[in-house]
Each structure stands twice: as structure tokens, then as C-alpha cells.
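Visitor: Would you mind keeping the following structure in view while I ask a few things?
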Amino acid sequence: HCGWFGVRPRWIQRFMTPKWALFWLCWAGAVQGLVVNGFINVVITTIERRFGLRSTQTGLVASGYDIASFLCLVPVSYFGGRLGASKPRWIGWGVAVMGLGAFVFALPHFLVGQYRATNSDHNVCPLKDVVAVAVAATTSSSGMIPNGTTTMAELGSAVAAQMARGEGCSLDNGLPLDPGAEENLSWNVWFFFTAQLLLGAGASPLYTLGVTYIDENVSKKMSSVYLGIYYTMAVVGPAAGYVIGGQLLLFYTDMFVVDTSTLGLTPHSKVWVGAWWIGFVFMAGFCLLLAVPILAYPRALPGSEKLEKVSEAHQGASDGGEQTRQQTFTKIREIPKALAALLKNPTFFFLNLAGASEGLVISGFAVFLPKLIENQFSVTAVWSALLMGIITVPAGGGGTFLGGYLVKKLNLSCSGIIRFCLFATVFAALFTVCFFLSCPNLTFAGVTAPYFPQDNLRTPDARSTELFVLPKTLDNACNSRCSCSKANYEPICGADGVMYYSPCHAGCSEEVNVVGAKVYRDCACINATFGPSEPYRSYDAVNTMCESRCNHLWIFVSLCFLVMFFTFLATMPALSATLRCVHDDQRSFALGIQWIKVRVLGTIPAPMIFGRLIDETCILWQESCDGHGACLVYDNAFMSKFMLLLALIGKACSILFFFGAWFYYIPPKSMTNSDKKQQQQQQVNGGAEDGHVQKY
């Protein structure tokens, strides 16, 4: 009966059906996807900017989820899958732990001070003010009024000292003079990592015990449909996370304590930090509420004992042509024996490897594809997240549900299912050509282009003739007297269509707030003005990103849609093949072992590999007093090439492993009379699946 701790109210017994159990499990899967694969992936670039993290560090954060899953999958799937164990209880407490993880992920927002886009309230060329202060400093130190005897070198030293104080670093040791200035916040990465560990531990029962709980309580005919719905919701969750998380980024991170109208920032500003933390706080509370109904379900639903399942397990040579007698592994000392039985199954082995290679591609791109879109096509984090949500719902959700439906509709055998996965993966690999599409870098003064065409100060980078070594070329004759700080990164778009590191580096001497944005004029480095049709035609620059002239975005999104659709089209069939090729008593343990391989070989290293390669494409790093910071500008061409290489390698491995699973599969050679009668009855009812005995 349904209930909690011996309390079993009569009114909740009506919910003790497979449909209601599926309803609550779908919510759990959706929330897991929404938080882990939605919110977290959306806010990656935001927390990099807010806490000065590199992609390698955020890749480690993303891997924390899979590391915890790897550590928890064996004990959870083994002990939770034993006879007499309550799978809903394992799942319910896991959902509660997920809620704790979501709360820990939001903690850094409450542990640090307010966000400051720059260390200077007015990040313009401060030549007049700095010289005045420098003169006063020179006078006070020398006891004489500057005149012809005060050299320009002395005055220049005073200017440099004043600018160093302006950016919060001392000249001798590089440490902050003001404890609140240029604070190193990278230590928060360990809060994010710990939160991911909790999320991974809490979610580990969902796709092992949750899958087998559904499979054990519905008929074989309906199993594919139920599991298809379950996995579809698990894909819809991330899509909702992308959309909702992206919309939350429209709100300023400190909106409850700061009047954003006075900041002169908009979501289109490069230094904007949205309210990345709100979604995690709400989901923490929702997870705790969701755990309550799941914990109420019994070990088995009424009628489950009447369901007959027929095994379609791989027939190994050691089976002697007869169906192996089922064994019940219930003791710890029998784990090696159960593991050996699975490792002797080549079909199961190759399906695991295919899952790992697919996991590597899916996990890596889930984390960094929004960053790729944001940088390649010069769009905001909000728009990038919305695009991911738009393609994830129909492609991921539709592909997952359609895959499960086709397994039932086409009456595929285990061998046929594996062939289906193989063909779907081949089509997905063909559409990875989308990563050939690359937009040229925005014109960035001193980074991808010189300040003026006649300048000869640029030095070609060894990797590309279009890039220039930094930080030498950030300084130019037009801003040389401004002594601009590299700690004050506030990129602006000039009237000439060129991005500048900051208003100071553009030589701007005046800043004006206009309708929530900042505009600048009297910019010595900008040799053009806005046309009459422009909203800021009387100014030289505005603190937004320049528009990209690249028109490949929708072609890229369309091809990504096809890659995602065919990738997820094979998800449910691959799961069905895994469940069919092992014996009934090994299902939970087999899924646990499979997820371990997927984690270790795929989803754990994937974000770190992707993050490391993306860091290699960085051409401008944030500078701070301790020398650490996030990447500010990426090389689009190299980023695109690295992503294409990773996608092709992953898909090629998947094709090879699915072929191996199909090639080495040996169907059972005999069935019992009762099995034959059951299959004949299924054929009469339209629920049979050809020739071979089968199982979910």
C-alpha cells in the first residue's frame, strides 16, 4: 500500500497505479534534466564571468555530476535492485539529495559581495584627473611645485602609481591594496563541484532503479511506451531548463539590492551577469516536495506479479544451447560473479562502449554548445539559451519518444534494434558538418585587428595570420597617455564597427547614461561617427557588442537539430537492446554497470576535454592581481575545428561499437513451451516482436 512510515491513508491508494508512478518519476527525471543539463549549462558562461573561472574549471564542475554517479551507481543499482528492496524509497531519498545539491550550487551568490562589472565607476580615459592627482602626489613627496625641474619621467611614474591604485593592485607585489577590489573568487568552484557531487549522487537511482521499476510493473507490450515517455520527459527537462534559465539571465544578479537603471548595463552588455542563482533556489524546494509522493510507493504495484516476461538474453557459448537458469544475486560476495556474467556478454559490452562514446559527445556539447553559439555568432547568453531550448524540445524529446515508439511499432527483435541504432548514428554523423560553419572573429582593436590600418605594431600569432600577440597591441598612440588598466574590461562597440577593450582603451573621455545603456564620445581611437539613422548618432561608442555580419546561425541551428534528433532517436532503442540482451535478474545491475562505463569513458572526461580544448582557443585572457581570470575572446575558427574533431571522433566510435554489438549478438536457440505460447498470444494481440524471445 502507498504510505509513509506505516501511515497509509485510504485516499492515496487510488494513486497506486503504473500511470501515477510514471507521472511522479517523469517529474523527477524532468527536474534532474532541468537542473543538471539545463540550468547549469545555461549559466556556465555567466559563472565564468562572475567568479573568474576558466573553461577547464567549469568543465571540472560539469564532470562532478558524473563522478558522483560513477561512485554511487554500483551500490545503488545492486542493493536497490535486490529482492525485497524498495526502489521508490531509493529514488525518493535521491530526489531529496538532489534538492540539497541545487541549494549548494546557489550558495556562492550569497557568500560573496555585490558584483562589480569593472573596478572603475567611470572607465574612461582619466588623463586629466590622473595628471592632477599625480602632480599633487609629486608635490607632496618632493616638497616642491612641479615646474620645469620636474621631469616627465617623474610625472609618468606618478601617473602609473595612481593608475595602479585605481585598479586595486600595489606596484611591488601585485596584491590588492583594497580588500574589496579585484577579489579572487575562483575558490567558489569547489562549491559548484560539491553541488554537482550531490546532484549526481541523488540522481543515480533515477535511470537504473527507476527504469527497472517501470519495466517490472507494466506489460512487455507497454514497456517501450512507458520508458519512451519517461526518457522523453528527461529530455524535455533540459529544454525547459535552457528556456527558463535563459529568461532568468535577463534579470540582474543583484537585482534585489541594486537599482539596475543606474548601472548603465543591459543584457546585451558583455559584462552583464544575470540572475543565474534563482532557478537553483526554487528547484531545491521543489525537489524536497517531489520526494514526498515518490517515497509513498510500495516495492511493487498491484498486479505486477502476474506479468510474465520472456528473456531474449544473449546466448553465450557457455550456455550450451540452453537458456541459462536465472540466478538471484543478493549477497555482496556474489557481485564478482554477477559482474563476470555481464562481462562475458559481448553485445552488452559493445553497447556499453557505444553509450560511452555517445555520452562523451552529448555531455561535452550539452555543456559548451551554448558557449559555442554565443561566441561564434556574437549573440547574448539569453538568446543562446533560448536557441538551445528551441532545438532540444522537438529534436531531443521527439527523437527519444519516436525511438521508443518505433521499437514497438516495427516489432523489432534485439538484433533489429541494434541495426536501427547503427543507422541512426550514421545519419547523425553525417550532419556533424554543421561544425564546418565558422564565423570570422569580430573586429577587436588590438586583438584581431590593429587600431588603425596604418599601424605596424601588430605581431602575427603562430597559429593564425589573423591574430595578434597580447597584451602588447592593446596600447596605442591614441590611448597611450590614458594609462588604461587591463583589469577594467568593459568592451564597447565603436561607430566604426570595431570592438574596444574598454572606453579607456578607445580613448573616450566622456561617459553618458542613456536609457539604461552607456554611450561615449570624444574617443581618440575611433575615427568614425554614427550615421543619422543610428539611435546614438551624437556619440562615438556604446557599451554593447557589435553586430556580427555572419548569417550562418540558422543553418547551424538546423543542422544541429538533425544531429540531435538522430542521436536521441537511438537512445530508447539502445536502452531496450541493453535490457533484452541480459537475463532478468541482472537488469538493474546491468544498467548500473553500463552507466559506470558511460560515466568513466564518456561523460566524466568529456566536459574536461571540451573545456581544455576551448581554453586553447582563447586569444585574450582576463587579467587580475593574481594573474587568473576567465577568457574574454576566443578564436572562432579554432573553436569550430576542435568541436568538429570531437564530434567526428565520437560518432565514428559509436558506429564501430554498434556494429560490434550487432555482429556478435547470438539469439537464444530454444524456448520453453510456455514461452512459445506467450509469443503466439502476443502475435495474436499485435504485440509480438519477431522470431526471437524478448524481454524488457
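For all residues, glycine too, the Cβ spot is worked out from N, Cα and C.
Just so you know, TrEMBL annotations never went through curation; they're auto-generated.
Dumping what TrEMBL says about this protein:
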type: DOMAIN; residues: 21-669; note: domain 'Major facilitator superfamily (MFS) profile'
type: DOMAIN; residues: 472-527; note: domain 'Kazal-like'
type: REGION; residues: 675-696; note: region 'Disordered'
type: TRANSMEM; residues: 20-40; note: transmembrane segment
type: TRANSMEM; residues: 60-79; note: transmembrane segment
type: TRANSMEM; residues: 91-111; note: transmembrane segment
type: TRANSMEM; residues: 189-214; note: transmembrane segment
type: TRANSMEM; residues: 226-252; note: transmembrane segment
type: TRANSMEM; residues: 272-297; note: transmembrane segment
type: TRANSMEM; residues: 347-369; note: transmembrane segment
type: TRANSMEM; residues: 381-405; note: transmembrane segment
type: TRANSMEM; residues: 417-438; note: transmembrane segment
type: TRANSMEM; residues: 553-579; note: transmembrane segment
type: TRANSMEM; residues: 642-665; note: transmembrane segment
Visitor: Across the domain 'Kazal-like' (472-527), what are the DSSP residue counts per state (helix, strand, coil)?
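Guide: Computed counts for the domain 'Kazal-like' (472-527) are 6 helix, 19 strand, 31 coil.
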Visitor: Please work out which recorded stretch in 60-79, 91-111, 189-214, 226-252 has the most C-beta pairs separated by under 8 angstroms from the transmembrane segment (272-297)?
Guide: 91-111
Visitor: May I ask for the residues of the chain that lie six or more residues beyond the transmembrane segment (642-665) and have a Cβ under 8 Å from a Cβ within it?
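Guide: Residues 314, 346-347, 350-351, 353-354, 357-358, 360-361, 364-365, 372, 414-415, 418-419, 421-422, 425-426, 428-429, 432, 435-436, 563, 570, 577, 581, 609-610, 613-614, 616-617.
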Visitor: Considering only the recorded stretches 60-79, 189-214, 226-252, 347-369, 553-579, state which has the highest number of Cβ pairs under 8 Å to the transmembrane segment (417-438).
Guide: 553-579
Visitor: Report yes or no: does the transmembrane segment (553-579) come within contact of the transmembrane segment (60-79), defined as 3 or more CB pairs under 8 Å with a sequence separation of 6 or more?
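Guide: Contact criterion not met.
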Visitor: For the transmembrane segment (91-111), give me same-chain residues lying six or more residues beyond its boundaries with a C-beta closer than 8 angstroms to one of its C-beta atoms, as numbers and ranges.
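Guide: For the transmembrane segment (91-111), the sequence-distant neighbours (Cβ-Cβ under 8 Å, at least 6 residues beyond its ends) are 25, 28, 31-32, 35, 40, 47, 51, 76, 185, 188, 191-192, 194-206, 209-210, 213, 253, 276-278, 280-281, 283-288, 290-292, 294-295.
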Visitor: Below 8 angstroms Cβ to Cβ, which residues of this chain, lying six or more residues outside the transmembrane segment (381-405), approach it?
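Guide: Cβ under 8 Å, 6 or more out: 41-42, 45-46, 224-225, 227-229, 231-232, 234-236, 238-243, 245-247, 249-250, 267, 274, 369-371, 373-374, 420, 424, 557, 560-562, 564-573, 576.
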Visitor: Suppose you look only at the domain 'Kazal-like' (472-527); what would the mean pLDDT be?
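Guide: Value for the domain 'Kazal-like' (472-527), mean pLDDT as a whole number: 81.
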